[in-house]
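These come from Swiss-Prot:
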BINDING   6, 7, 8, 9, 10, 42, 177, 195  L-glutamate binding site
MOTIF     9-19  motif ''HIGH' region'
BINDING   93, 95, 118, 122  Zn(2+) binding site
MOTIF     233-237  motif ''KMSKS' region'
BINDING   236  ATP binding site
């Protein structure tokens, strides 16, 4: 089987060092296994997209020595998401977030996990006729389990209790992240999804959506997020310095790659020299994979 991986940034601003580290690891994974590597711009939320961010992202990746075999934009694939949505058991929902949280607070149970679980208010068809409607997936009465191929951890979620009916199309017509990423990974032939650990808890619902659409879920590998000196994850919204600052100030890309490698938790990366190329890191990632039978 040919491995296909991907890096899927949102062009809502400039890449920061945390994005660069995830991009590096995704590239190392694809190339260490002799596979294809895709660049996919997740640009469905057009209100937040910045037109200049596409080219800036490409320049930053090329500066680091990271290449890709094919490029995609989600904004050019809307018909595929519409077709997938039509094949799923969904229903209209006119609940606001405030109403959802109020319904949960009034119920006997508390929210499960890190986010509020939709209580099913609109499931019987009781929608507000004067509001635009989102589309929610009526999740099956089933458990969805995912084993992380990197850590070996397994996460199981009972979909109705732990996830709830979740939005696949917003009330403004924008297709939701979970639908688009599942359709894209399946139709692009992505076999291995390496991404940040913040998306670990989303993996069971995405695996369930893969199966509901007749696809085989990919292997998931979740890597630690890069934090600042306060222990907070780097984020565009949090004002993390853009990677382009290092490039524009004449910093050598090899030094940036070495600095990123030194932050990784696996043996060997902390010992790389002060300057290194991306291909020179491939054997180290190969060593990481060799210790994990799931990869």
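Keep in mind that glycine also has a Cβ here, set from the backbone N, Cα and C atoms.
Source: prediction; values computed, not measured.
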**Report entry** Cα-to-Cα gap, residue 195 (L-glutamate binding site) vs residue 95 (Zn(2+) binding site), nearest whole Å
**Finding:** 31
Query raised in the report: Per DSSP, what is the residue tally for the motif ''HIGH' region' (9-19) in helix, strand and coil?
Result: 3 helix, 1 strand, 7 coil
Requested in this report: Could you check the binding-site residues 95, 118, 177 and say which one's CB has the most other CB atoms within 10 Å?
Outcome: 95
Query raised in the report: Within 8 Å of the Cβ centroid of the Zn(2+) site residues 93, 95, 118, 122, which other residues of the same chain have their Cβ?
Result: 94, 100, 120, 121, 123, 134, 136, 165
Report task. Starting from the Cβ centroid of 6, 7, 8, 9, 10, 42, 177, 195, the recorded L-glutamate site, name every other residue in that chain with its Cβ within 8 Å, sequence order please. Result -> 40, 41, 181
Query raised in the report: How many Å separate the Cα atoms of residue 6 (L-glutamate binding site) and residue 95 (Zn(2+) binding site)?
Result: 34
Query raised in the report: Can you count the other CB atoms that lie within 10 A of the CB of residue 9 (L-glutamate binding site)?
Result: 20
Query - Which of 6, 195, all binding-site residues, has a Cβ with the fewest other Cβ atoms inside 10 Å - result: 195
Query raised in the report: If H, G and I count as helix, E and B as strand, and all else as coil, what does DSSP give for residue 118 (Zn(2+) binding site)?
Result: coil
Query raised in the report: How far apart, in angstrom, are the most distant Cα atoms among the L-glutamate-binding residues 6, 7, 8, 9, 10, 42, 177, 195?
Result: 16
Report task. List the Cα distance (Å, whole number) between residue 122 (Zn(2+) binding site) and residue 177 (L-glutamate binding site). Result -> 21
